Amino acid sequence: MGEVVEIQAAQTLNVAAPPLQLDCRSISMSRSPLLDSAPKTPKSPFVTRLMTPVASPMKKAIASMQSCLEEVGHFTKLEPQEAWLPITESRNGNAYYAAFHTLCSGIGFQALVLPLAFITLGWAWGVICLSLAFIWQLYTLWLLIQLHESESGIRYSRYLRLSMAAFGEKLGKLLALFPIMYLSGGSCVTLIMVGGGTMKIFFQIVCGNTCSVKPLTLVEWYVVFTCLAIILAQLPNLNSIAGVSLVGAITAVSYCSLIWILSVIQGRPESVSYDPPDEAKSQLTRLFDTFNALGIITFAFRGHNLVLEIQGTMPSDRKHPSHLPMWRGVKFAYMIVAACLFPLAIGGYWVYGSLMPENGGMLSALYKYHEHDTSTFLLGLASLLIVINSLSSFQIYAMPVFDNLEFKYTSKWSGPCPRWVRTGIRIFFGCLAFFISVALPFLPSLAGLIGGIALPITLAYPCLMWVMIKKPQKYSPWWCLNWALGVLGMALSVLVTTGAIWGIVTKGIKIHFFNPR
């Protein structure tokens with residue numbers, strides 16, 4: 001036969017057939033990005049033909065090897081670089097980790113401005129649009145989870161890689177690079193602004209008017225927040241920050257619930273009104289206001305740019321594909337997301353109506369209308385929870401940036417980053433995000449504009465990528481549904497972006513460099 005077959009205890013199988021050596025125990029989907037979706041190994045004719053007692057050991061060996069190969073899939077090219085990068089360095093994630101990361105990235109400061117959308121849309125259309133947006137983005141999440149593992153055996157552990165596979169290398173980069181870069185780096189910059197500003201408020205609440213300690217300036221609070229974020233950023237990979245994401249998820253749920261419950265308990269201000277916006281506005285202005293409201297709702301559901309990365313931290317094989325635990329974790333997380341966002345939007349609009357401040361949303365309204373009749377402890381607690389959540393969210397949103405920077409290093413030097421290089425990369429990014437937050441403090445005013453540009457990442461691209469990769473039968477229900485949602489998502493992105501530009505032109509924007517306020 002030209003082969004030497006050796007059977008060891010039921011756990012070990014070594015097939016020596018020079019020059020190839022196979023050891024099924026060494027094939028691990030949890031520690032390396034082994035790809036596993038090729039056709040199963042065909043059954044060997046020896047299994048039925050070798051029936052004599054002499055051939056029995058050979059028969060058992062071949063049958064055992066066949067079973068091993070069918071479980072793993074087939075042998076594909078390993079990419080050692082995947083094991084050097086923060087996202088795919090550890091492959092021992094699970095449904096719990098997925099739920100923690102999804103919650104931490106899915107609820108944030110943008111949820112606090114949801115009641116602003118109801119001012120323009122009103123009760124009925126506000127609830128309808130919020131519900132439709134929730135269902136739509138949950139569906140696109142499911143699509144991304146299904147697309148993570150391709151039929152060719154490749155695992156797309158980064159959104160940009162999936163976009164390039166679906167639309168082509170050049171077009172995929174053109175469509176997805178800027179929105180992903182903004183949703184990662186831009187979110188970190190905004191979190192420094194939110195976290196640093198809330199730190200200042202928390203200090204004022206705790207210290208009080210009689211405090212003799214000289215308060216820090218806003219820029220100095222930004223420095224404090226950035227230093228804390230950089231210290232936490234030294235955790236090596238995405239799985240290692242699962243505990244941080246759990247803390248971020250708990251604090252996000254806590255402050256969202258605390259703020260809307262406090263607001264409802266304290267009651268509505270006397271001058272609250274639910275009347276539609278000023279009737280003196282032109283039809284065009286009201287139309288663009290509606291687009292802005294839709295942008296607020298869609299931008300509240302963030303985190304799609306991190307779904308593939310989170311799933312990339314999980315082990316996967318033919319019998320236990322990663323999309324099963326990932327979907328379980330996401331379903332649990334978004335049940336909690338719905339339980340937070342819907343009461344926050346509906347309760348906030350019921351309490352404050354058209355009195356809702358444009359800057360800060362629910363938190364600003366709580367301070368403005370109930371500062372004197374609400375416990376200082378509860379106000380301080382809400383601020384502290386926002387600070388902790390901002391620090392936690394910074395870690396998960398910064399991870400794709402760390403991964404990309406380390407990818408460039410490992411590509412050039414063909415080896416993993418030394419510890420000092422990894423530390424330097426994370427300090428560099430933290431300082432860069434701090435510099436941008438100080439140099440361009442008006443960036444939050446452009447959130448509607450940039451949010452409209454980034455909206456396809458959540459609502460449009462997953463549908464179009466599913467059609468491009470899965471190639472369903474033309475004019476089938478799946479084909480029609482995903483094309484319709486993809487085109488509608490792109491159209492909505494254009495409308496929201498146009499509405500944001502119209503708002504900037506008509507209302508103006510205060511541009512001040514290096515002067516945070």
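Every residue gets a Cβ built from N, Cα and C, even glycine.
As annotated in TrEMBL, transmembrane segment covers the listed stretch 182-203 rather than the other ranges in 6-27, 182-203. Contact counts against the transmembrane segment (182-203), taken as Cβ pairs under 8 Å, peak for 377-402 among the stretches 123-147, 377-402, 423-443, 481-505. Between the transmembrane segment (332-352) and the transmembrane segment (215-235), the number of CB pairs under 8 angstroms, six or more residues apart, is fewer than three, so the stretches are not in contact. Residues of the same chain lying 6 or more positions beyond the ends of the transmembrane segment (377-402) and with a Cβ under 8 Å from any Cβ of it are 86-87, 101, 104-105, 108-109, 158, 180, 183-185, 187-188, 191-192, 194-195, 198-199, 201-202, 205-206, 225, 228-229, 232-233, 235, 238, 241, 244-245, 247-249, 251-252, 254-255, 258-259, 262, 305-306, 309, 363, 366-367, 371, 422, 425-426, 429-430, 433.
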